[in-house]
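Student: The structure under discussion is supplied below as structure tokens; questions concerning it will follow.
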Amino acid sequence: MRPLEFGRLAWRSIGSHRLRSALTTLGIIIGIAAVIAFVTLGASLQAGLLGDISPDDQRNLYGWAADPETEGGPLAGAQPVFTQDDLEQVDELEDVDAAYGYMPISTQALASDGELTPQSDALIAAGPPYIRPDTIDDGRQFEMGEREAVINPAVAGQFEENVSVGDELTIVRQGGEQTSVTVVGITDSSEGLSPFEGFEPSPRVYVPTDPYYTEEVDGIGAGFGDGDGNNGDGGGGSDEADPANDDDDEPATAEDARFLAIVVEAPSADDGDIDQARDSALAVLESGDSDASELLGDDLEITMQTSTELLQQLQDILDLLQNFIVGIAAISLVVGSIGIANIMLVSVTERTREIGIMKAVGAQNRDVLGLFLTEAVVLGIIGAILGTVLGLAVGYAGAWYIDIPLVYPYEYVALAVAVGILVGVLSGLYPAWRAARTDPIDALRYE
Amino acid sequence: MATGTAVSLEHVRKTYQLAEPVHALDGVDLEIPEGSYTAIMGPSGSGKSTLMNLVGCLDTPTDGTVVVGGQDVGELDDRERTTLRGTTVGFVFQTFNLMPRLTALENVALPQLFQGIGRGERNDRARELLERVGLGDRMDHMPNELSGGQRQRVALARALVNDPTIVLADEPSGNLDTETEADVLDLFDEFHDAGTTMLVVTHERHVASRAERIVHLLDGQIERIEALDESGASPRSSAGHTNGHDPDHDHDERTGSASGANS
């Protein structure tokens, strides 16, 4: 007997108990729908996050030094250890396109045209390549050594009169000291440019490390020299730079500025190039020749990762959540299987006479087995398909609601159907075996 | 293959191990020639059902041999017996036993489904048989949309679909009124005349009298075999081979009784 014939007969008996069949498949529907919905959301969320990493960013390696036992995202527990010398050494490496420091600088306020808005932690000092050309909406990158800045739309729109390229902006630092910069560029979005900043939108002013950071360290050095205890000035991590100053026992100079983090640009986003750039940069930074190695000691270790790798941590959390949901769904599937097995057993008893008739007219045991197994599998597949449709719909609604690009996990749709078949086989096997073993003489006499 | 013999039973004994052994059949010899029309009568517990099960390849004898369509049923395994049953035996039951969720056509085609015959061919054959039993206009009806007589005609068509060596009918008119009973039995006659071997188990004398001979069972043994002429009368009867007691003196009374059904 052919599978198609089994399917036809199975469909007939499922169709004759519509409500019962529908309720039976509910467990499967819920289980599959839960998995599909969360996998869809997870994949969409992942795509949304990875989509934030521009192709130009994929070759950037973000490095910082922290206690290896520190858990958390980028810059967690980071200490400023990299000097300008270190950066230059790395920059000169053959495997590296560019390297520059990264340092967040605390601020009090931003002012434009005499209008003051309070703003802390808005200043980020980095190298010019940090402003990737594809992120600039208007203007250009700042240049090293110039009093220039690139701002994001959140800053530009913060003042009554929009700040535009060419305008002057005044930055009020923690100590109350004021610096003015010329805005030379505006980025296209207010989201962070790198994992160091986080991806959430926030007002940010990007400036060259020289003069802004080195100048500030000078200020701190002077502060210490005066002994006025103004050691909170640097904000961020700059007070950790102090030991370096103490060691040298001389006023901090531009050369002694320690950066919280380093950004290394590999020649391309190719995995091999990235690994090579990483290895070379780490070799230089961890060798005894570098200034950073003095501070690394046993406590600190340099982490150097791409945006994609850094996002992996977030991905790990998502995966954990997803595994949790899949676990719950698995329970639902087990309950669903028991439901199908139960209904199939009832069905076998109910149809004892039919089994007798079929055997009397020449149905082999395997025909009867196949027939009932097919019925269970059809129930499983129906549950899987309905569950998939429901799950995709919920995933779609969820993705639309939290505004992320929708990604359909097609391989999970195939997996869902496979699971449906598996559930059908497992739950139908015993009832079908019982049906196949029915003695036709007894079955024909059964009322 | 024993030519000319559809079914033969030799020294057949069937014992059920209940609280104490029960001999449902106790040494039965019977030969059913091809193209014959045999009725089996006997009171409840006389072994009719057991005989039906054996001839229908649903069961195997404890002792002796049952040969159906040239094959010794006792020698076959379960699968082979099922195949033999499907191809050489057609069943007609008192309660019709149609599949409730299949149409008349699908019911008739069902035995061929299990023989692996394609749908088109199956349906052609089923249609032809339904036409012959006078249900050409009821093919797509469900059993619950058919009258008792119509259902039994569907069952007869189904029994014939694989061109069986023998058609076994167990009380085929037990659930029918007099008029439809006559229609169905006329159909039996028709198929018998066309060459089908018929074996009918019944309580009712007037049903049995349509046959060429009546085998009377009593306590698991053949009491006597009664040959009938065309009119259904009993010109002579012969005792069964293994008959332990001589019932000659009471058979006239039985023959004359119109209500043998309740014995």
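The count begins at 1 with the first shown residue.
Each Cβ is built from the backbone N, Cα and C atoms, and glycine gets one as well.
These figures come from a predicted structure and were not determined experimentally.
Annotation source TrEMBL lists compositional bias 'Gly residues' at A:220-238. The feature compositional bias 'Acidic residues' is assigned by TrEMBL to A:239-252. The domain 'MacB-like periplasmic core' annotation in TrEMBL covers A:21-212. What TrEMBL lists as domain 'ABC3 transporter permease C-terminal' is A:328-440. The region 'Disordered' annotation in TrEMBL covers A:218-252. For A:21-45, A:324-348, A:368-401, A:413-433, the entry in TrEMBL reads transmembrane segment.
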Student: Checking distant contacts: for the transmembrane segment (A:413-433), what same-chain residues at least six beyond its ends satisfy Cβ-Cβ under 8 A?
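Tutor: Distant Cβ neighbours of the transmembrane segment (A:413-433) are 28, 32, 35-36, 333, 336-341, 344-345, 347-348, 368-373, 375-385, 387-388, 391-392.
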Student: On the DSSP side of things, how many residues of the domain 'ABC3 transporter permease C-terminal' (A:328-440) fall into helix, strand and coil, could you say?
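Tutor: The domain 'ABC3 transporter permease C-terminal' (A:328-440) comes out at 98 helix, 0 strand, 15 coil.
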Student: Summarise the model's confidence over the domain 'MacB-like periplasmic core' (A:21-212) as a mean pLDDT value.
Tutor: 85
